[in-house]
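Student: Submitted below is the structure of interest, expressed as structure tokens.
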């Protein structure tokens, strides 16, 4: 019946599996009051004293700081650190800190000025008027972390369970041997601890607040009960002494009977736990405005001459604490343990600083701790499994840790190990199981970090590929839209350009240009005619009249001029060597119609070509008529006829008489220009008859040439004057449109060049048959040419 009523009581307690009862050894330091020690000559303040990354530096070397001034900036799970006293920053470097690995970390070296001047503080005495988020942020800026040993940021823990907490547990068990820091703190500052509990209750608003304390601390229990008289919501629970009842999951099981699920936090079941020293630091931060810059540290062990609990500033070297505690070293390198005998670690050097999670400095003698025994093989006794409070299999975890079987160790819940050291305490083979577990955890964390970085790199790579694909798709879409928006004319231009590029590769550029551009077509035609002339250097059948009369393209005079110029140039190149007579098509190639400069160039080239002997021109070359609607060309033809007649009169031997048809072919009377030509021819014949007596005297070729030139020039002027008189009548009668002056100048130049070439060469041409009698102009011109050639033939023997 008694057990039934006890089970129904609210103060019911539960038990956890396993656990041990080692010697407590707390009486060495528990009966000595708290004391303060003087500041050291140098404080070494690590930037990372909690679970999380280090903060951003706010100070620099040589800067003077005040007590409580932030040295780093904290955001999220990054806690700031503060100056433990006023002084000057002497260095910021990496130094060995209080960690089992002994690896150096970034630290701030502060030289105290021994004035201990406080900086600006922000107390909140009326904290009930503040909102929970504001209080949590204030706690975060004070740099408060869990002081029980884990070092988890208190503000992060409060934020994580703000709306789900039903039970708030204050851990005052302090179950590990030798450590009495919390015991002395509760004895001397019980009221402040209760105030801290009230602040947490205001922030979390839990249904109940439980303080769990072991029954081996009667004085602390009495002090707390006295302080809780005015706080009915806060309950004090005294639990049996058993190691490790101070573990978070173990104390939750003892006070509530609930177990925290694997891989989850206590907040998932509505329970939040805080250490009693952390609660005291919260009270000092909120009500007094003091950041976490000092804590209570137990100095104990049989080698300590003045053991006890001291207020140690954060960053105080362990060597300074040992000097204050009166260490009596039994050898040159005494054993110094930071923490308790079960969960602590041996320091590699005594210059490491005190940090926020440092609760004890233990210096045992040889009699306290037996000489370490050599490690022996596991005998599979199972004692470790019996005492494990987490209900794990330490033996299997040991094998997996030895064999580097990380997956199996993870599968056997190695992460649930609280590293209490109970398994190593009972191991008969002296196997340091906790050390193996710590090493295996570190390796697993390293593998997890590497896998996480690889996953992040893969995610970045995949995101980059996705971005490139999106950009490519966007470009293709823009190109498609641009292709759709191209007009028909632009599309034709693009297609023509592509066709030219493709045919240029195949050597067909000229054909494509001729097809797509009329100007290029004319140029191609001229090139073709020039090539035909070059091919005509070898004997070939004469071209038909239809070929000779093929007109050049009339749609663009510039194209025609270009084609004619190219044809003449190639014809002159072919004329440098003896070649057969040109065809009719060569004779009717039109001269440039719109450029006097090209005409001048053609005249110069014709003069150069005339320096070498050339075959006599055919009838088609000689009788190519000028256009019938141009009086200037008619005058030029008449002048040429008169010049040839005079040259015949000046010959050494008499030339054969011309027929009546040659001399008396009248031009049609209905055309004044033709009449002028006929008159000029008649005057030339009369002059020849009058000067017949002078033919017996020899005349040089040079004199004949000069006279012919003067006569050609005079006849040209007279014919131009005569033709000009009837131009207006002809234009009015026939409605013809006169062509440009350039054509007349070109025709005149051609006539002069041909006459000079004939006289200078002095060749004896063959008689040339007259053209069809139906064209009076052609007949007259042919007769004049025949007479000039006969005169040259008669003058040649006389010179010899």
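We count from 1, first residue shown onward.
The backbone N, Cα and C atoms fix where each Cβ goes, and this holds for glycine too.
Since this is a predicted model, take the numbers as computed values, not measurements.
Swiss-Prot feature annotations, pasted as is:
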type	residues	note
DOMAIN	367-398	domain '4Fe-4S ferredoxin-type 1'
BINDING	378, 381, 384, 427	[4Fe-4S] cluster 1 binding site
BINDING	388, 417, 420, 423	[4Fe-4S] cluster 2 binding site
DOMAIN	408-437	domain '4Fe-4S ferredoxin-type 2'
COMPBIAS	536-553	compositional bias 'Low complexity'
REGION	536-558	region 'Disordered'
COMPBIAS	571-583	compositional bias 'Low complexity'
REGION	571-631	region 'Disordered'
COMPBIAS	599-617	compositional bias 'Low complexity'
COMPBIAS	647-667	compositional bias 'Low complexity'
REGION	647-706	region 'Disordered'
COMPBIAS	675-690	compositional bias 'Low complexity'
COMPBIAS	693-705	compositional bias 'Polar residues'
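Quick one: where do these features end up spatially?
Tutor: Per-class residue totals from DSSP over the domain '4Fe-4S ferredoxin-type 1' (367-398), listed helix then strand then coil: 10 helix, 0 strand, 22 coil.
The Cβ of residue 384 ([4Fe-4S] cluster 1 binding site) has 394, 395, 422, 423, 424, 426, 427, 433 as same-chain neighbours under 8 Å, each 6 or more residues away in sequence.
Annotation for residue 388 ([4Fe-4S] cluster 2 binding site): spatial neighbours 17, 18, 394, 422, 423, criterion Cβ-Cβ under 8 Å with sequence separation of six or more.
Summarised by DSSP class, the composition of the domain '4Fe-4S ferredoxin-type 2' (408-437) is 17 helix, 0 strand, 13 coil.
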Student: Which chain-mates of residue 420 ([4Fe-4S] cluster 2 binding site) that are at least 6 residues away have a CB under 8 A from its CB, listed by sequence?
Tutor: 243, 244, 247, 342, 343, 389
Student: List every residue in the same chain as residue 381 ([4Fe-4S] cluster 1 binding site), at least 6 positions away in sequence, whose Cβ is under 8 Å from its Cβ.
Tutor: 428
Student: For each of 378, 417, 423, 427, count the other CB atoms within 10 A of its CB; which of these binding-site residues has the top count?
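Tutor: Comparing the binding-site residues 378, 417, 423, 427, the most crowded Cβ belongs to 423.
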Student: Where residue 378 ([4Fe-4S] cluster 1 binding site) and residue 417 ([4Fe-4S] cluster 2 binding site) are concerned, what is their Cα separation in Å, rounded?
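Tutor: A Cα-Cα distance of 19 Å.
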Student: Would you list the other residues of this chain near [4Fe-4S] cluster 1 - those whose C-beta lies within 8 angstroms of the C-beta centroid of 378, 381, 384, 427 - in sequence order?
Tutor: 379, 380, 382, 383, 394, 395, 398, 423, 426, 428, 429, 431, 433
Student: What are the other residues, in sequence order, whose C-beta lies within 8 angstroms of the center of the C-beta atoms of 388, 417, 420, 423 at the [4Fe-4S] cluster 2 site?
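Tutor: Surrounding the site, in chain order, are 18, 384, 387, 389, 390, 392, 394, 418, 419, 421, 422, 433, 434, 437.
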